[in-house]
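To keep things clear, I will list the structure first and then write my remarks on it.
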Amino acid sequence: LMLNTALEYKDVFSRLKHRESLYKRVPTEEDWSKVREISLKLEIFYDATELFSGIKYPTINLFFSTFCDIKLAINDWVLLDDIVVHTMAINMKLKFEKYWDVMNFLLAIGSILDPRYKMKTIQFYYPLVYGDTSSFEIEKLKKQLYDLVEEYKKKSKQYGDERHSQSSSSRPPLPKRGHYANKFEMFMDSNTNTELEKSELDYYLEESLLPRNTGDFDILCWWKTNGIKYPILHNIAKDVLAIPVTTVASESTFSTGGRVLSVHRNRLHPKTVEALMCARDWLWSEMQGIIFF
């Protein structure tokens, strides 16, 4: 915003030297060209910050594509001949890679849990990001996701066994079954084990995508409604989608105003401070009429 404003008042700087004796150096056309170039480059970060501002409380499924866009943009800037942009991009890439390695899997899972996209976002961006190794990275992600489903499945089964043991302890013993009935059970078990079973994740991924042009789509409500159909994925969605993308409001991200709380205000009780800050965010969000899912 500061750079865009400066560009709008470009002519003022050239006139200022005639009225202000202390103003020694006027930006050259080359300087303004660099400002314009950097401003365009930083626009992607500003847009991302506005989209994922802390007062909007967006769910994590929305962030993966933007995260990839930023990574691809930085990779392109590194290859530019402009020494200013190139140097800036090198420093940005070093810092960004730390977050990419940590957040990549979690953000990808959030995107897959969006029934409007599922694996499509991954299949589009991974070849752009990883190039020749994209197939390996996609399979790696799938394996991690299947492992995660199995982990949640074990927890769910353990919880179910505990409930079953508690309820069955008060029941009378079942009557003995006939010889052929027991053999039938053994037959069913052997045939079931030999068949390739599909997991919840397989059924979910094979199901048709939801329309993308629904602006009022509520992913939390969708998983709440479809929890009976996909109980294991429902539990994963509850944990993953509950993770906030950011807790920082957009006006605080680029603020140079220092601490939000003064020395006197930080004497307030923590619960009072929490209530004041939450109320401010909620009221500000309501005034803007922003609801994001």
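One-based numbering along the chain as shown.
Including glycine, each Cβ sits where the backbone N, Cα and C put it.
For reference, TrEMBL has these:
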DOMAIN    53-152  domain 'hAT-like transposase RNase-H fold'
DOMAIN    200-283  domain 'HAT C-terminal dimerisation'
REGION    157-176  region 'Disordered'
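Mean pLDDT, taken over the domain 'HAT C-terminal dimerisation' (200-283), works out to 78 on the 0 to 100 scale. Across the range of the domain 'hAT-like transposase RNase-H fold' (53-152), the DSSP-based residue counts are 81 helix, 0 strand, 19 coil.
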